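One structure is given below, encoded as structure tokens.
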Amino acid sequence: MRLLLSVLLLLVASLGLVSAVPAGSSITPPPPIEPIQLLSSRSTDSRRPWIRLRDRVIESIWGISKDSSHHRSVKDSPRSRSPSRSLTRYGSDVVLRFHLRNAEEAEALAEATDVLFLDVWASTSEFVDIRLAQEVIPSLLGLLPDSLRTAYTPLIDNLAEMIYATYPTRRPVGFEDHPGFIPSVRQSTQFGDLFFRDYQPLSVIVPWMRLMASMFSSHVQMINVGVSYEGREIPALRLGTRGQTAEPYPRKTIVVVGGSHAREWISTSTVIYTAYSLITRYGKSHEVTRLLEDFDWVFVPTLNPDGYVYTWESDRLWRKNRQPTSLHFCPGIDLDRAWEFQWDGERTRSNPCSENYAGTEPFEGMEAHQLAQWALNETQTNNAKIVGFLDLHSYSQQILYPFSFSCSSVPPTLESLEELGMGLAKVIRLTTHEIYDVTSACEGTITADDQARNRNSPPKKPIFPTGGSSGGSALDWFYHQLHTDYAYQIKLRDRGSYGFLLPSEYIVPTGKEIFNVVLTFGKFLVGDLAHNINLDWDAELQRTEPEEAPASQGDEPAPATQQVLQADVEDEETEWVEKARSEFRRR
């Protein structure tokens with residue numbers, strides 16, 4: 001009788017698992033939206049309710065006593081401290097880096113990832129990063145040639161913990177002792193620093209944007225560039241001092257977009273940081289003031305608000321938008337593959353379960369279509385000419401210029417694109433000593449050094465087509481359809497140590513890199529006109545000081561209140577001195 005009752009309980013507890021899909025598969029049916037359960041004093045038992053009920057009944061029927069030491073080890077495990085949803089979804093997931101040696105290996109790996117619907121995080125000429133569940137690793141290796149079965153290294157083996165670390169929450173006592181988490185000594189001191197100390201959800205970003213437009217109404221306007229599939233507005237900040245009277249020539253406009261892919265949080269934070277830096281320096285810096293007088297700057301923090309919200313509420317690593325497809329359990333369209341120019345989704349990305357699914361026709365991705373319509377309206381009816389386009393993504397630290405759809409088509413302004421691209425990479429190197437490779441988007445898997453050595457050779461085919469070039473990109477559409485003179489896709493930090501889960505202490509350093517990119521971009525566009533005015537562009541560049549770098553684990557931070565007050569005074573004195581020096585140089 002006991003045995004029969006136990007079997008029945010096991011069957012009941014297993015009903016919810018009948019339709020389960022392995023954690024490494026991209027066709028996992030999305031769970032219902034509910035707030036993330038962050039750490040608290042509640043129980044850390046990660047077992048599902050039915051599992052806990054089953055275990056208790058079996059323990060009482062068979063008289064099994066609880067092993068206190070076992071439960072203590074689970075409670076003390078760093079993995080058990082992750083949010084319950086992250087642990088359930090990604091508890092067994094890892095990120096592997098495969099080292100490629102030839103095109104045959106790349107082709108075999110690409111085919112295997114397509115067959116298993118794996119999530120390719122990044123691809124270069126030397127390696128490919130892939131996320132998958134541990135139980136899927138044998139299946140993947142079985143599809144690969146012998147040379148690749150040992151040619152990989154674990155890149156991330158604590159994915160759930162790293163996901164948890166990206167959320168803005170107070171870490172529990174003892175969690176900072178884990179080697180994967182390094183606290184920062186320098187506390188945030190100003191309003192802007194406090195805002196950029198953590199990643200922010202859309203429910204915080206939108207009111208912040210309204211606040212900026214209200215506080216700085218002379219040169220900031222909050223607009224919407226469209227509406228998402230789920231009905232959310234796609235907010236943007238327009239910076240500039242366009243006069244009330246009609247201008248004789250179209251107003252030159254630069255568009256900066258982030259968050260096309262929902263999980264790339266650093267792109268959204270970087271767009272906001274760059275906008276904030278320009279907003280607060282207007283009227284104080286001759287250089288920034290000149291940029292806002294000569295151009296309109298439109299900053300779109302997240303083109304994919306539905307997907308961004310979903311990464312906060314359900315799945316941190318969601319990439320696409322939330323639009324339904326022909327397969328109800330595989331929603332979403334890749335917004336950077338959905339644009340009309342050279343769209344090739346029917347030929348290369350026709351599977352709705354693919355992370356790169358481009359839809360059934362051009363502009364089926366609603367948010368991409370909305371941005372395109374807004375841009376066309378700006379140029380046709382709002383007396384604007386979009387002269388610059390910066391599309392921020394992550395990760396791999398690359399500055400990419402057109403074309404993305406093919407390496408056989410050479411952009412007519414190639415030399416200018418390369419010249420400015422190299423200048424942008426140089427200013428980043430001067431800012432934080434980080435190296436960004438510069439190449440065409442179709443050769444995104446070929447490093448700048450390779451390109452320099454083979455500049456006179458025919459264009460190369462990307463070694464890993466799954467993560468390489470493609471048609472239907474926003475980059476190509478703005479450059480070709482709108483005749484945007486300078487269009488770039490910038491893949492932000494890092495090179496793989498954290499991937500899409502870049503810790504929040506790198507928000508400000510990455511933001512400084514792109515703020516300096518924007519200054520250099522504007523300086524380049526101003527061109528010869530700037531020679532008539534004494535502008536010191538270098539004085540405005542933001543640099544990351546040594547004390548702003550993440551601290552080592554042995555550092556002892558000062559008490560929070562004392563440190564903040566002291567830092568406030570130091571920052572104000574430094575700002576005043578720098579302004580005085582700048583004014584002295586101008587005179």
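Cβ from N, Cα, C; glycine included.
Looking at 446-477, 542-573, the range annotated in Swiss-Prot as region 'Disordered' turns out to be 542-573. Cross-referencing R281, R319, R322 with the substrate binding residues that Swiss-Prot gives (H261, A262, R263, E264, D336, R337, S394, Y395) picks out R319.
Over the domain 'Peptidase M14' (198-525) the predicted model carries a mean pLDDT of 91.
Residues H261, A262, R263, E264, R319, D336, R337, S394, Y395 are listed as the substrate binders, and the farthest two of them sit 17 Å apart at their Cα atoms. Cα-Cα distance from R337 (substrate binding site) to E264 (Zn(2+) binding site): 16 Å (rounded to the nearest whole number). Comparing the Cα of Y395 (substrate binding site) with the Cα of every entry in H261, E264, C330, C353, N377, these being the recorded positions, the smallest distance points to E264.
Highlighted in sequence order, G258, G259, S260, A262, R263, S267, R319, D336, L392, S394, K491, F500 have their Cβ within 8 Å of the centre of the Cβ atoms of H261, E264, H393, the residues recorded for Zn(2+), and are not part of that set.
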